[in-house]
Ligand SMILES: NC(=O)C1=CN([C@@H]2O[C@H](COP(=O)(O)OP(=O)(O)OC[C@H]3O[C@@H](n4cnc5c(N)ncnc54)[C@H](O)[C@@H]3O)[C@@H](O)[C@H]2O)C=CC1
Ligand SMILES: CC(C)(CO)C(=O)C(=O)O
């Protein structure tokens, strides 16, 4: 089968899903977008992308998923189980999650076959129904311990679509490392309503180190490499110093955050392991209190 004969599906056509689907469609693939509520009505009129590129596309969109060769899951972490249930009703092919947070691969794998993990640093947000392509990044896709044919296929499709994409054999380590970055930057910036760079302030960085240390303990119990973790967090804080984190944006917009699947998941796993995670627990409960406001 020719690569371009593959049907690609986007499960959750919000900011990052629409960006991925739009770029994949622009490169000539057949893409089906799954959306709901207002986003469904918007996409029925077309997908508009601005920022690093300008594109206006007519797209094939529906509320329910369809059969596909590759399905990219781009719902928020708290919608993963529901998305998995809907996808289990069709032949969704290879399932790639590009979500943030912990446990998405596991939750998808309970209902779906051929699930591969993914982590992306591409950036997009939606304003006035337009997808703003904010930043180019890198996307890693794969499994643990080996590089699967499915991961290589997804890598080919994303590279063909212009993405910096690499199939890897240590995707859990990469998902966890991003999760620790998010566990530090997202709640602190959301609570203080500050840009990412502020976490480097002396007092806040002392909190960051507690969060990282607690995350490290869980990762080590899971056999995941922790080398260079503090440096990785610091590097992202420097590189995205003027950004407003996604969690701050969610809080400012009155939206639910993914705290339960970032710091909250570290707390849950720590409890299971009998180790304390006080800093992560404090940040989790503070953000949840803000959500309930
Ligand atoms: N926006 C970004 O730049 C990046 C986002 N991520 C992660 O990707 C995930 C998605 O993030 P965003 O695109 O920003 O969120 P979003 O809220 O813009 O998009 C998620 C979309 O999924 C839809 N959805 C959820 N359940 C659905 C269902 N059952 N049927 C149809 N549509 C459904 C929602 O209605 C929403 O439109 C999150 O885990 C986020 O942390 C990761 C890297 C970058
Ligand atoms: C890396 C970081 C913190 C960039 O803002 C991010 O992924 C987010 O905001 O969710």
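A Cβ is built for glycine as well, from the same backbone N, Cα and C atoms used for every other residue.
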Q. Can you check which of 12-35, 36-59 TrEMBL lists as transmembrane segment?
A. 12-35
Q: Quickly jot the same-chain residues contacting the transmembrane segment (12-35) by Cβ under 8 Å, restricted to those at least six beyond its ends, or write none.
A: 4-6, 42-43, 47, 49, 53, 55, 57, 59-66, 68, 72-76, 79, 83, 86, 98, 120, 122, 124-126, 131, 133, 157-158, 160-163
Q. Mean pLDDT, the domain 'Ketopantoate reductase C-terminal' (170-291)?
A. 97
